[in-house]
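**Student:** Handing you a structure now.
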Amino acid sequence: MKHSLPVKDTIIIGFMLFALFFGAGNMIYPPELGQAAGHNVWKAIGGFLLTGVGLPLLGIIAIALTGKDAKGLADKAHPVFGTIFTVVLYLSIGPLFAIPRTGTVSYEIGAVPFLTGVPERLSLLIFTLIFFGVTYYLALNPSKVVDRVGKILTPIKFTIILIIVLKAIFTPMGGLGAVTEAYKGTPVFKGFLEGYKTMDALASIVFGVVVVNAVKSKGVTQSKALAAACIKAGVIAALGLTFIYVSLAYLGATSTNAIGPVGEGAKILSASSHYLFGSLGNIVLGAAITVACLTTSIGLVTSCGQYFSKLIPALSYKIVVTIVTLFSLIIANFGLAQIIAFSVPILSAIYPLAIVIIVLSFIDKIFKERREVYIACLIGTGLFSILDGIKAAGFSLGSLDVFLNANLPLYSLGIGWVLPGIVGAVIGYVLTLFIGPSKQLNEIS
């Protein structure tokens, strides 16, 4: 048994984690933010980093320090809630949305520019068959994920992206563009909300388990040494993400004069790469996107396989991986636009719950791990995050929306769940003072 993880292994696992986080959405959103924020890009990307890097890092640390998985953290409210929440979480960042999205995004950017005269449905089917075939093969043996992803795919991807961003930095396409309306008032806060789109706070409490298992596979099992190694790997991934996000946001912010106000992140990347490198730029970008999507897909399929085979012992890891991969292949062939449209309402509803679970895991010693605090806080948060999900689905809340906009702080900014969550936690704690706490968390977990 090792008492510490060698620096080399720490770096490899850190880059593996970076690769798992740095999926399709992570590459698309910063340039989109940059072009929209213009002169306010630095304030906006600062807010983006809080939710796109800070929250995921907290999720990794929470898993490392508590020694629990996603269900273990959610069980602190109640085991039934823990199971339901974790199943929804894995389905959302797994075969329903995130995994199919990796295939469709890599197709849109890595394949479409080079396809002419081929029917879209046929080309998408062929591409996703190959993409998920590779995913399936590499996910079948998770013990090799660290070496394959950390040693091979990540350096290739990082080098490609580095070439693009360095070219944009040293030979900028123009000055910082004009600020769009969305980023004029509160650019930091707008960037903060945009960071939700990465889904990385959700993924962090899943990927955290992958990191813990990777460290254990290197012979480090003592709890403190294990936690320290996981935190170091998390910091390495966070630093890598920060550099890439800031660079891509700058690329977007300086792109308007050269390529026009494109708006969509994928198109900004494609047009900017072509502007900077010519036809070679599309090849470079396509390779980077495909590798990024592939590494994320492998990590998500692996995590889903481990979780559901544990939840349902009758299903082996291989069977679950097969089901998840095939289902993802089917969903991917509905196309990127449909996947995103279906995912936003569900993510809007569950993302705040994940944030609350992560934050409470750091401070639960203060309120003596009382379940009532977890339950009341999650109820307060969930009621209003569900409203966000309903609005995101396109349904009108009518007079209720008007009332909440006028009376609930932060509601108009999309995080009206914050105050109800805090009030719920306080109410839960006060209740325990009058009626006594229920069983301690360590008795029910």
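Glycine is treated like the rest: Cβ placed from N, Cα and C.
The transmembrane segment annotation in Swiss-Prot covers 11-31, 45-65, 79-99, 122-142, 158-178, 192-212, 233-253, 275-295, 311-331, 339-359, 375-395, 415-435.
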**Student:** Three or more CB pairs closer than 8 Å, sequence separation of 6 or more: does that hold for the transmembrane segment (192-212) against the transmembrane segment (79-99)?
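**Tutor:** Touching, yes - the transmembrane segment (192-212) and the transmembrane segment (79-99) meet the threshold of 3 or more Cβ pairs under 8 Å.
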**Student:** So, does the transmembrane segment (122-142) come close enough to the transmembrane segment (311-331) to give 3+ Cβ pairs below 8 Å, pairs being at least 6 apart in sequence?
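**Tutor:** Since 3 or more Cβ pairs under 8 Å link them, the transmembrane segment (311-331) and the transmembrane segment (122-142) do come into contact.
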**Student:** If I count Cβ-Cβ pairs under 8 A between the transmembrane segment (275-295) and each of 79-99, 122-142, 158-178, 233-253, which range comes out on top?
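**Tutor:** If we count Cβ pairs closer than 8 Å to the transmembrane segment (275-295), 158-178 scores highest.
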**Student:** Within the same chain, where does the transmembrane segment (375-395) have neighbours whose Cβ lies under 8 angstroms from its own Cβ atoms, ignoring anything closer than 6 residues to its ends? I mean 6 or more beyond.
**Tutor:** 77-78, 81, 344-346, 348-353, 356-357, 360, 401, 404, 408, 411, 414, 416-417, 420-425, 427-428, 431
**Student:** Residue list, the transmembrane segment (415-435) vs rest of chain: Cβ under 8 Å, 6 or more residues beyond ends.
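**Tutor:** For the transmembrane segment (415-435), the list is 193, 352, 356, 360, 367, 370, 372-385, 387-388, 404, 408-409.
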**Student:** If I count Cβ-Cβ pairs under 8 A between the transmembrane segment (158-178) and each of 122-142, 233-253, 339-359, which range comes out on top?
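**Tutor:** It is 233-253, which has the most Cβ pairs under 8 Å.
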**Student:** Does the transmembrane segment (45-65) make contact with the transmembrane segment (79-99) through 3 or more Cβ pairs under 8 Å, each pair 6 or more apart in sequence?
**Tutor:** no
**Student:** Taking residues 6+ outside the transmembrane segment (339-359), which of them lie with a CB under 8 Å of any CB in it?
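**Tutor:** Counting only partners 6 or more residues beyond its ends, the transmembrane segment (339-359) has Cβ contacts under 8 Å with 55, 58-59, 62, 73-74, 76-77, 85, 88-89, 92, 96-98, 100-101, 104, 196, 199, 201-202, 204-205, 331-332, 377-378, 381-382, 384-386, 388-393, 415, 417, 421.
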**Student:** Would you kindly list the residues that approach the transmembrane segment (233-253) from elsewhere in its chain, counting only those six or more residues past its ends and only Cβ-Cβ distances under 8 Å?
**Tutor:** 10-11, 13-18, 21-22, 26-27, 30-39, 41, 44-45, 48-49, 52-54, 56-57, 60-61, 64, 158, 161, 164-165, 168-169, 173, 176-177, 211, 215, 265, 268-269, 272
